[in-house]
Amino acid sequence: MPARLTLVLGGARSGKSAHAEALARGAAVAGVLPAYVATAEALDAEMAERIARHRADRDGQFETFETTLDLGETLRRAAARGAPVLVDCLTLWITNLMVHERDIAAAVADFGDALDAVEVPVVLVANEVGLGIVPDNAMARRFRDEAGRLNQRLAARAETVLFIAAGLPLRLKG
Amino acid sequence: MPARLTLVLGGARSGKSAHAEALARGAAVAGVLPAYVATAEALDAEMAERIARHRADRDGQFETFETTLDLGETLRRAAARGAPVLVDCLTLWITNLMVHERDIAAAVADFGDALDAVEVPVVLVANEVGLGIVPDNAMARRFRDEAGRLNQRLAARAETVLFIAAGLPLRLKG
Amino acid sequence: MPARLTLVLGGARSGKSAHAEALARGAAVAGVLPAYVATAEALDAEMAERIARHRADRDGQFETFETTLDLGETLRRAAARGAPVLVDCLTLWITNLMVHERDIAAAVADFGDALDAVEVPVVLVANEVGLGIVPDNAMARRFRDEAGRLNQRLAARAETVLFIAAGLPLRLKG
């Protein structure tokens, strides 16, 4: 069990990442930058530009770890530094696993084991994606199912769960 | 007026059904299984598989009633057993009415009459579908309007309204 | 700074407009109708029909101002009457600015200046659009970003922020 697990949920452009970053910085110990585990994969120019902008935004405030698939392993490495770890975001990670046709159940189980093993505060960012109309294509529906299921599972084990809208937090738990 | 009306709202894979099932079982009287009114219609293999999985999940915990269109009538029959009734879900029912080109206003009015007449606790599950971007096609926009209007109407008469995200309830009313 | 700024967020058919209208009427002074700033543009018959229905609904309860692009200027004119101003809605305004290829940053800055200058209670209605899956097309993603960013900015300066679901308010702030 990590010292403390916080799940930050929200929609696109809800301010969830900024809120989660503030939580991770607030939990940091003096002299050690918190870790930032980024899961975004630059599949096109638009994504590459977003990733570069986000990296510049957190320059000097976080030690960055990048991973697109092996989140459990990266969480273990990031946590070994002894500072809080922020993972942004789980929903992109699920997307990556689907795009690369990985075994999602196995990857989620490994990530769960890593969460059990680490001893630093962990802040997880995830998108809420199930509140629009049913998507046309089966892939998007499966993605929505996988993302929603992971959110439920992590919310059940987190001490604190927040839902962010327009930059403001609603406390779902803790 | 039913003894008690609860509306459980949430997105896809939000955990709303599991939460509603727990509420209905909790309201049940000893010796009589609560009723489960399922509105899903197996339009394709994916839906058929979901329906079968859901049916297996609740085996032995609910008496199941299936209806795709005549929800008012089915609610009356289900409630006559004297145990709580769970309806899952209203949004699929609206979809069914649209697909079969039924008179939605008339069906909703009949369902409202049935809610007035029954004397057992009723738990209704509905999807929140209006929080994504505006859908491309007019049918989806009309669906979104009908579903949203029904949610507002039932929320106004319910004693308790919950919004579920990641399996956790936010209390909107009651 | 306006006397009081309220931001009402919600999805399509969430009841956010009705809630906002009640807030604006409640803040009105005797003898002067509150102002209603409508941003909807009739791009097709469906929109024209919605606009006409909304206009009829508020007949005799609001003094209506219509604008599709120059929201800052319209807010100043509407506020000069000395009664509360309701703006419905900001998300359509962002859509209009994008469709007409206006400078969104400049328009938002001008609107911010107008909010600073007016001395009546202002109620703003905006859509939450980021809670479905990622849209297929780049224009929709950019719209989602712009709308979300504006919501965050206004939420930060508002005294009260409400999230409406099924006609019921959740208080995010104030």
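Including glycine, each Cβ sits where the backbone N, Cα and C put it.
Annotated GTP binding site per TrEMBL: C:10-17, C:38-40, C:55-58, C:Glu66, C:Asp88, in sequence order. The C-beta environment of C:Arg13 (GTP binding site), restricted to residues of the same chain at least 6 apart in sequence and closer than 8 Å, is empty. Look at C:Arg13 (GTP binding site): DSSP puts it in coil.
A sphere of 10 angstroms centred on the C-beta of C:His54 (active site, GMP-histidine intermediate) encloses 16 other C-beta atoms. The feature active site, GMP-histidine intermediate is assigned by TrEMBL to C:His54.
Chain B has no C-beta under 8 angstroms from the C-beta of any of the recorded positions C:Lys16, C:Thr39, C:His54.
Highest Cβ count within 10 Å among the binding-site residues C:Gly10, C:Lys16, C:Thr39, C:Glu66: C:Gly10. Note on C:Ala56 (GTP binding site): other Cβ atoms within 10 Å of its Cβ, all shown chains, come to 8.
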